[in-house]
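First comes the structure, then the notes that go with it.
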Amino acid sequence: SRAIKTNQDLLPETPWTHIFYNDFWGTLLTHSGSHKSYRPLCTLSFRINHAVGGMDPWGYHLVNVLLHAAVTGLFTNFSRILFGDGYWTLIAGLLFASHPIHTEAVAGIVGRADIGACLFFLLSLMCYVKHCSTRGSSPSTWGWILGAGLCAGCSMLWKEQGVTVLAVSAAYDIFVFHRLKMHQIFPALYKRKNLTLFFSIGLLTSWGTALLGVRLYWMGNKPPSFSNSDNPAADSDSFLTRTLTFFYLPTKNLWLLLCPDTLSFDWSMDAVPLLKAVSDWRNLHTVAFYAGLLLLAYFSLKGSSNERECNGKTVMNGKQNANGHSCHPEMEYKTLEVKSGFASKEENGIKKHEMQKLQLPSTENIVILSLSLLIVPFVPATNLFFYVGFVIAERVLYVPSMGFCLLVTVGVRALYVKAQKRLLKNLVFCSTAALIVFYGLKTVVRNGDWQNEEMLYRSGIKVNPAKAWGNLGNVLKSQSKISEAESAYRNALYYRSNMADMLYNLGLLLQENSRFSEALHYYKLAIGSRPTLASAYLNTGIILMNQGKTEEARRTFLKCSEIPDENLKDPHAHKSSVTSCLYNLGKLFHEQGHYEDALMVYKEAIQKMPRQFAPQSLYNMMGEAYMRMSRLPEAERWYVESLRSKSDHIPAHLTYGKLLALTGRKSEAEKYFMKAIQLDPTKGNCYMHYGTFQID
């Protein structure tokens, strides 16, 4: 809702340049309550969607699907660089296209940030691959590295993790293109022929540093702040708890990639219980994960072995294999001219053509690149450098899933090669096909959960019951299922009793059903849980005012008006509530005959009023106050302002009509009374005012 429905940056009357100064949710980036999510290109795409189709969700979903299709095509094309034109490239592409972890990013509109970032991530990486292949042989090579840098910047402007493509590009250059092992990197510094390599790496490092520096400066040189429910581990006082939990979370994320059986729209709060002791059995998963990761990296980075395997066929010391490919242990990539007869034939899913240029990396090279693609883009979400506002977010795995798909593909290929019997080879191939089918079926099922809000929130109850029940309550309330909505809110509070939003929502539901005493109770609990919740003060004051407790209402409204918007997630909504509090305080003074006090409060409300606040009632009450003080020119001015801000505002038609009648402009007055009746023929108040006018 905040990213699209209530985001003022999407509206045509808002200057488009505001997109580059506000965060993803439309809050000024330097504001203390800003989420610091700077994604202007994604917001710009939303604005274009809004300009073309308004709030029709069809267009937004279409763009997401098209972007995912483009990313899938680019990823498959990139896989050809690693696996050649054969079955393995197709398998990698199908794994990515069908993976259920992508459902949130594609089916959820705000997930477009991850898809767009991935699109430019791949464009940047492929530009750099082209730079590597033309380096030293063509002047266009520096155009390719310029393109890589620009695409990396665009990727970061879609989502922050996009900048990590520069590190992945460096890994490609060192470990894939030049095939250096860890122990060869420093000796290579002294070899003149590798100067271009380290010059390219230096450019990547400098550009990445510049992008991060500008990004940090643009957001006010301050990290964002999050509530304890967003990331409970970050809020824990125990160093042991924080450490064990943060080390465990990547393990949980990998499991979601490997076995996406249980997915959820939200993993905050207690969805992943904190690891508070070394004896927690989940630490075994953590140990196994990091041990496996380190072993995989070690055997891929250690010195070259005598026997190597290339694209599904075994070769010895760089000798040509059965497919006409060769793997060379030299540091520089060689371009191979493969000569075949006039007829082309296909073996292992790879076609051989006359004079085809092949430069396929070995299994170890692909593993290193896959690990870098899996790990590096995920690093910003690890809480290593700064705390993030979530525990697990499936959409964040959209980019790292490319590394996972490559890793699975190269692993399957290695098993296929090791299998000696045709039966075993077929078993490996069929198992991989079954995995792709199962992933696809799970994606179809998961898309069903995203069909509407009710289904989505019901699907998340088993993972995050507090958040899911609370959101489900909002949906049921909008469907006028009041008793079910109340039960949902109470279920949410059963799991987490201090949720200010749920306490407030339950209070609002009770207030709308005239259960005022209960509503006041829950509003007070909400204020106790979050003292800055202005909307709870507002509704508390309204109930007290209607109950005739004017002094209590006055104190409540005044206290609300003094709450600053610092460190609040949604300062726009807060300012709207504060403005409404001042409006109601002015009405209270007005009803007590304190018109001067009422005017002072109304003027303060106008000063604090946010852009999205509908001011017609406030302007009309300003006119009423001036009218009671017999300051008719000022009253007329504010009545006109009220009608200018909302031309069908009935109270302003009636009050302005009364003023016109009072000043002798009876024909004009009659038009405004008739217009009010025309706007709502069922409203008896309009006929009463018109009848009074006729008698006079």
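Cβ atoms are placed via backbone N, Cα and C, with glycine included.
Quick look at what TrEMBL lists:
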{"type": "TRANSMEM", "residues": "58-75", "note": "transmembrane segment"}
{"type": "TRANSMEM", "residues": "109-129", "note": "transmembrane segment"}
{"type": "TRANSMEM", "residues": "194-218", "note": "transmembrane segment"}
{"type": "DOMAIN", "residues": "221-293", "note": "domain 'DUF1736'"}
{"type": "TRANSMEM", "residues": "284-301", "note": "transmembrane segment"}
{"type": "TRANSMEM", "residues": "366-390", "note": "transmembrane segment"}
{"type": "TRANSMEM", "residues": "396-416", "note": "transmembrane segment"}
{"type": "TRANSMEM", "residues": "423-441", "note": "transmembrane segment"}
{"type": "REPEAT", "residues": "466-499", "note": "repeat 'TPR'"}
{"type": "REPEAT", "residues": "500-533", "note": "repeat 'TPR'"}
{"type": "REPEAT", "residues": "534-567", "note": "repeat 'TPR'"}
{"type": "REPEAT", "residues": "579-612", "note": "repeat 'TPR'"}
{"type": "REPEAT", "residues": "650-683", "note": "repeat 'TPR'"}
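With Cβ pairs under 8 Å as the measure, the transmembrane segment (423-441) is packed most heavily against 396-416, out of 284-301, 366-390, 396-416. Residues 4, 45-46, 49, 52, 92-93, 96-97, 102, 105-107, 109, 111-112, 115-116, 118-119, 122-123, 126, 402, 405 of the same chain sit 6 or more residues outside the transmembrane segment (58-75) yet have a Cβ under 8 Å from a Cβ within it.
Panel annotation: around the repeat 'TPR' (534-567), residues 31-33, 225, 500, 503-504, 507-508, 511, 516, 519-520, 523-524, 526-527, 573-575, 577-578, 580-582, 584-585, 588, 592, 604, 608 of the same chain, lying at least six beyond its termini, place a Cβ under 8 Å from a Cβ of the stretch. Across the repeat 'TPR' (500-533), DSSP classifies residues as 27 helix, 0 strand, 7 coil. Broken down by DSSP into helix, strand and coil, the repeat 'TPR' (579-612) contains 27 helix, 0 strand, 7 coil. Under 8 Å from some Cβ of the transmembrane segment (109-129) lie the Cβ atoms of residues 3-4, 24, 39, 41-42, 45-46, 57, 60-61, 63-64, 67-68, 70-71, 74-75, 77-78, 81, 144-145, 147-152, 154-156, 158-159, 161-162, 164-166, 168-169, 172-173, 177, 204, 377, 395-396, 398-399, 402, all in the same chain and six or more residues away from its ends. Sequence-distant contacts of the repeat 'TPR' (650-683) (same chain, six or more residues past either end, CB-CB distance under 8 Å): 616-617, 619-620, 623-624, 627, 632, 635-636, 639-640, 642-643, 689-690, 693, 696. Mean per-residue pLDDT, taken over the repeat 'TPR' (579-612), amounts to 92. With DSSP states grouped into helix (H, G, I), strand (E, B) and coil, the domain 'DUF1736' (221-293) comes out at 36 helix, 0 strand, 37 coil. In terms of DSSP secondary structure, the repeat 'TPR' (534-567) contains 25 helix, 0 strand, 9 coil.
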